[in-house]
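Taken from Swiss-Prot as is:
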BINDING   13, 14, 15, 176, 216  substrate binding site
ACT_SITE  98  active site, electrophile
ACT_SITE  170  active site, proton acceptor
């Protein structure tokens with residue numbers, strides 16, 4: 001099986017912010033300035049109503065994804081959006097299992113698993129969110145919780161699909177709170193996530209899979225976060241709403257990607273070794 005090197009990911013989850021005009025202005029500005037996708041993959045997840053307009057403007061250096069989708073291709077599911085509908089708009093990425101979907105809309109690991117399998121079936125690229133609550137963290141059960149969450153979510157997912165899946169580690173206690181795991185702590189947890197994927201599949205497959213961090217990412221901490229060896233990028237929330245901040249994230253990632261590439265060639269290392 002052939003695996004691609006891990007490209008850094010800078011993703012922005014706009015949640016329920018931005019109307020059409022300001023969203024179009026953002027995409028028009030950013031798409032002209034973000035780094036080449038061979039260095040950094042840049043993604044924006046806007047509201048559903050913006051997908052049609054924004055997907056038409058996305059370029060090779062900036063892509064647009066949906067914040068959610070249903071697991072059935074069509075049917076009487078009022079208020080939902082199908083994977084086929086996303087594809088018809090030119091959307092190739094989808095965010096699954098965000099903590100706010102779980103908290104406010106009752107999504108479970110089993111629901112996310114069905115959506116993940118459906119996304120893969122329809123050739124969409126899923127970014128799958130996992131993360132623990134504050135109580136779980138305080139009880140020192142983070143690894144146990146995440147191990148079970150990953151087992152549930154990846155049930156039935158074939159190994160060859162892993163390099164087309166992004167995992168976003170977003171500790172629930174750090175979402176929209178201003179609190180953030182230290183970069184070193186986030187790095188440790190992401191190493192544990194990769195170890196679990198290795199246990200479920202293989203070390204080669206897990207090392208080819210990108211795992212990013214989300215949780216109160218900011219201009220102040222982005223550089224330190226991306227310097228962590230296990231972290232392949234970020235999923236930013238409100239911090240991704242400002243053009244300058246999003247471009248700053250992408251530029252930092254690009255600089256680090258270029259530096260890492262130089263080190264790889266000097267050391268003759270495997271480009272996706274953990």
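A Cβ is built for glycine as well, from the same backbone N, Cα and C atoms used for every other residue.
Fewest other C-beta atoms within 10 angstroms, among the recorded positions 15, 98, are seen around 15. With every protein chain in view, the residue among the recorded positions 14, 170, 216 whose Cβ has the most Cβ partners within 10 Å turns out to be 170. When the CA atoms are compared, the recorded positions lying within 10 A of residue 170 (active site, proton acceptor) are 98, 216, out of the candidates 13, 14, 15, 98, 216. Within the same chain, residues at least six positions away from residue 13 (substrate binding site) with a Cβ under 8 Å of its Cβ are 45, 67, 95, 98, 214, 235, 236, 237, 240.
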